[in-house]
Amino acid sequence: MKIIVSTDNRHKLQEIREMLGFVAEIVSKTEAGFGDVYVVEDGDSLEANAIKKVEPLEGEVVIGDDTGLFVDALDGAPGVYSSRYSGADGDDAKNRAKLLRAMEDAQCRDAHFTTVIAVKKKDGTIYTVEGTVYGTIAERERGEDGFGYDALFIPEGSDRTFAEMQADEKNACSHRRRALDALKKSLLEIGEKI
């Protein structure tokens with residue numbers, strides 16, 4: 001089975017290949033010939049953005065995801081705006097810096113990451129699965145690995161941020177792993193070979 005991932009984000013592709021590459025061929029949208037397709041993530045939910053990513057692509061199975069970090073002390077922010085939290089010209093470092101500033105006086109540091117994966121089958125049917133991991137926001141950046149908010153997020157049951165973990169350790173407990181596990185289960189339930 002070939003799964004087209006509606007992204008060219010090398011970090012995301014690497015994680016997905018590490019988690020699903022042994023059961024399916026994982027290709028980026030560019031590798032599948034859809035490099036000129038650009039999707040504006042302007043949906044009001046993770047699900048809406050994930051669906052927008054798969055709608056214009058065709059293949060055996062196409063997946064697109066959106067991930068958000070939801071911080072309790074910030075009423076769920078940055079949420080659906082996680083990747084652009086610091087503005088249109090922002091990047092991962094600016095997003096983390098803005099989050100740390102917003103959390104300076106926060107007593108509660110509880111947060112969760114949620115990934116929603118939209119799945120488009122060959123017949124055009126689209127459905128979604130999701131995965132969530134709960135944890136807390138560190139008081140400062142810790143760790144060198146990962147991307148996005150990994151240097152700030154400490155998953156429940158750990159005293160280390162995602163960025164302090166080896167890739168296989170993070171991949172065993174991450175929100176994306178939980179969403180991909182739900183994806184594998186759903187494909188098996190509908191009779192897809194994966």
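Each Cβ is built from the backbone N, Cα and C atoms, and glycine gets one as well.
TrEMBL annotations: computationally assigned, not manually curated.
According to TrEMBL, the feature active site, proton acceptor maps to D66. In this view, D66 (active site, proton acceptor) is surrounded by 25 other Cβ atoms within 10 Å of its Cβ, with every protein chain counted. The secondary structure of D66 (active site, proton acceptor), as reduced to three states from DSSP, is extended strand.
The substrate binding site annotation in TrEMBL covers T7, D8, N9, R10, H11, K12, T67, F147, G148, Y149, D150, K170, H175, R176.
Annotation source TrEMBL lists Mg(2+) binding site at D66.
For the binding-site residues T7, T67, the greatest number of Cβ atoms within 10 Å around a candidate Cβ is found at T67. The Cβ of H175 (substrate binding site) has T67, H112, F113, T114, T115, G131, T132, V133 as same-chain neighbours under 8 Å, each 6 or more residues away in sequence. The secondary structure of N9 (substrate binding site), as reduced to three states from DSSP, is coil rather than helix or strand.
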